[in-house]
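First comes the structure, then the notes that go with it.
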Amino acid sequence: FSWSSLGLAFHRTHLISSLLCLESIILSIYIALSIWPIKNQTSATLMQILILAFSACEASAGLAILIASTQTHVSDHLRNLNLLQC
Amino acid sequence: ILMLSLALGTMITITSNHWVTAWAGLEINTLAIIPLISKSHHPRAIEAATKYFLTQATASALMLFSSMTNAWSSGQWDITQLTNPPSCLLLTAAIAIKLGLTPFHFWFPEVLQGSSLTTALLLSTAMKFPPTTILLLTSHSLNPTLLSTMAIMSIALGGWMGLNQTQTRKILAFSSISHLGWMTIIITYNPKLTLLTFYLYSLMTTSIFLSMNSTNTLKLSTLMTSWTKAPMLNTTLMLTLLSLAGLPPLTGFLPKWLIIQELTKQEMTTTATIISMLSLLGLFFYLRLTYCSTITLPPNSSNKMKQWSIKKPVNTLTPTL
């Protein structure tokens, strides 16, 4: 988890890599959450399905934003996002 | 449909006692606002949407992670019981990113600048409401020194960075950052004052946004010629701005006064003096806004009534509160 959050914080170019890191964060949380009930012999499967559904929605929204930003800006690089200057 | 899902997400987060439902409500809110921000196909709007999405998504993931570590150590998924100190720290950081407190405030002015005025209004009032409720629910187990340092820094930064701005949306962004600082400084001592500040702040900000929406002022220069369009609206705008600054006879002074009183009761008088000094910085640009809008006259005084919009009746009532 911490590896992917560091990767998200230090993305240099390409918005796609930050989206990828976000997905890996959520995936690591999901794996950890599914291992935990097996160790403690409880069951928390409804929670898991809910988390999966919402993270899938988030990922698709992120991809849609990526497409929209490549339509209006020229490319994917982070250096193009400086239109909102002070 | 989008408004409905926004309301649904807020309701889910408010009425939750399990971490996953709170997280789900926050994600619903984020997902519903993203198309609202990027409705106009202006590149600035879409850029604002990307920044907003990235920051909010990381904050939600952090929140989920902190609740997970808390559940590991204590076996509970209840919101009001946070026993693990590192997870409390992570949770504070996540909520600070979501609200726009310092040191995580960098996304806020640009996102407000890139969105239209009504979505900016929604962003700064309605979207702040679920994270503040989570803060309120967990405030007894969070770290008070961390919260108060973040609050003092956000008041300072909100006042300081607003000094050189010409775009009204950015000015309002910085004012909301400083108001959030006022709200979080009192949250460990008297959470009801936080709620009071939040309600009053959202009322005043809605009236300012709506009046700016009806006169369509996005820059300071547009503000100067807005007295020709609707003179009554202009005077009420001035009063509301001064109330937002917190001057005594108006309503905005009330939360500041109560907060300072509560802080001195808790023997934190240095903090109280520091924040009242720092709100002077904010007072400067509120005064500049009022000066530009009502007191100066433009060189050619043309009395053309340009826009007749229907949104006026709200604003004449709310500043007189």
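Glycine residues also receive a Cβ, built from the backbone N, Cα and C atoms like all the rest.
TrEMBL annotations: computationally assigned, not manually curated.
Sequence annotations record features per position, and here TrEMBL assigns signal peptide to B:1-17. Packing against the signal peptide (B:1-17) from elsewhere in the chain are residues 24-29, 31-33, 35-36, 78-80, 122, 126, 129-130, 133-134: each is 6 or more residues past its ends and has a CB under 8 Å from a CB in it.
According to TrEMBL, the feature domain 'NADH:quinone oxidoreductase/Mrp antiporter transmembrane' maps to B:16-281.
As annotated by TrEMBL, transmembrane segment applies to B:20-37 (among others). For the transmembrane segment (B:20-37), same-chain residues at least 6 beyond its ends with a Cβ under 8 Å from one of its own Cβ atoms are 2, 5-6, 8-14, 45, 48-49, 52-53, 56-57, 60, 63-64, 67, 77, 79, 98, 111, 114-115, 119, 122-123, 127, 130-131, 134.
Taken from TrEMBL, the feature transmembrane segment applies to B:49-69 (among others).
According to TrEMBL, the feature transmembrane segment maps to B:89-108 (among others).
Here TrEMBL flags B:145-164 (among others) as transmembrane segment.
According to TrEMBL, the feature transmembrane segment maps to B:171-189 (among others).
TrEMBL lists B:195-212 (among others) with the feature transmembrane segment.
According to TrEMBL, the transmembrane segment annotation covers B:233-254 (among others).
Per TrEMBL, transmembrane segment is recorded for B:274-297 (among others).
For B:283-320, the entry in TrEMBL reads domain 'NADH dehydrogenase subunit 2 C-terminal'. Mean pLDDT across the domain 'NADH dehydrogenase subunit 2 C-terminal' (B:283-320) comes to 58 in this model.
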Problem set entry | Positions on the same chain near the transmembrane segment (B:89-108), where near means CB under 8 A and six or more residues out | 26, 51-52, 54-56, 58-60, 62-63, 65-67, 69, 82, 128, 131-132, 134-135, 138, 142-143, 146-147, 150-151, 153-154, 156-158, 173, 176-177, 180-181, 184
